[in-house]
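*Asks:* Provided herewith is a single structure, encoded as structure tokens, for subsequent inquiry.
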Amino acid sequence: MINYQTMLNNGETLPIIGMGTYSGENDRETTETAIRIAIKMGYRHFDTAKIYGSEVAVGNALRRAIHDGLVEREDIHVTSKLWSSDHHDPVTALQQTLQRLGMEYIDMYLVHWPVALKPWVDYPIPAEEDFEELDMENTWSGTEKCLEMGLCRSIGVSNFSSTKIQHLLDFACVTPVVNQVEMHPMWRQRKLRSICREYGIHVSAYSPLGGPGNAWGTTTVVDHPIIQSIAQKHDATPAQVALRWGLCQGSSVIVKSFNMRRMKENMGSLHLKLDEWDLIDINKMEERKIMRGEWLSNHTTSPYRTIQELWDDEI
């Protein structure tokens, strides 16, 4: 029997395939329709964030699905994230997220980036002058307060390097349950996965296909000859092979597509089995930080550029 969930270090469970809800268009109706279809397909983890602009649509779709009897609230896992301009007050930020979602609690609240922005910065690509000094100890204390208040059931981080994880654990009372990072067959995160495993932190992969369709992404992963060959061998799609690789590493994956065919295809990765030789071949693929690659060179003032520097210790 396929296990569709993984156990986190606090005893909560996490569905191993999540649906990302970021959309550059922020079309509320399209997002709500896609989520309703996803629920019918078996998706149970929905990943949003303040900066995605999708919290209202996610909340509308999930509340309607619960009301219609498609799913129970207890079977849904909702993740949202603390934006970098809200580090000074995570409690108020999460309360505002809950208002947008129309929910009493969310299942997981993540610190979106280990960088701080000035309080008025509510756009995804800040300028150099928008940054301010990060007091991570204060931020994490506020995030722990969210947990104590019952506003969320789990807390974690996103885009934290090994060094950042270890620094956080120097003062954290509560160990993060998850570190959500870019991870795919061409950016395998060996060192980070090892560090997180040591501390019982689950690694969740975003852009598990390399981010095709996003401003920073390419089709390099799914177009790679090794991925293509393995897909042909198993009568599967390249996307299914890439997702299954992530699941084989013990990670969950966050996939973003509102296309019904691709949504169904992504769920099909749960039924694919990769053999030892497949995994050996994938490990031969040249590693390439797609999200922090060419796109970053043209966006030198973005928080992603700052993260590029923070991740130098991973190379």
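Our numbering is plain: 1 for the first residue shown, then up by one each step along the chain.
Backbone N, Cα and C define each Cβ position, glycine as well.
The domain 'NADP-dependent oxidoreductase' feature in TrEMBL is assigned to 17-284. Sequence annotations record features per position, and here TrEMBL assigns active site, proton donor to Tyr52. Residues annotated as site 'Lowers pKa of active site Tyr' in TrEMBL: Lys81. Residues or ranges marked as substrate binding site in TrEMBL: His112.
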*Asks:* Run through the Cβ atoms and count how many others sit within 10 Å of the one on the residue listed as 'substrate binding site'.
*Replies:* 22
*Asks:* Determine the mean pLDDT over the domain 'NADP-dependent oxidoreductase' (17-284), rounding to the nearest whole number.
*Replies:* 96
*Asks:* Could you measure between the residue listed as 'substrate binding site' and Lys81 (site 'Lowers pKa of active site Tyr') for me? Cα positions, answer in whole angstrom.
*Replies:* 5
*Asks:* Which whole-number value in Å describes the distance between the Cα atoms of Lys81 (site 'Lowers pKa of active site Tyr') and the residue listed as 'active site, proton donor'?
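*Replies:* Lys81 (site 'Lowers pKa of active site Tyr') and the residue listed as 'active site, proton donor' have their Cα atoms 10 Å apart.
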*Asks:* Measure the Cβ-based neighbour count of the residue listed as 'active site, proton donor', defined as the other Cβ atoms within 10 Å of its Cβ.
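*Replies:* Taking every protein chain into account, the count is 23.
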*Asks:* Count the other Cβ atoms sitting within 10 Å of the Cβ of Lys81 (site 'Lowers pKa of active site Tyr'), across every protein chain shown.
*Replies:* 27
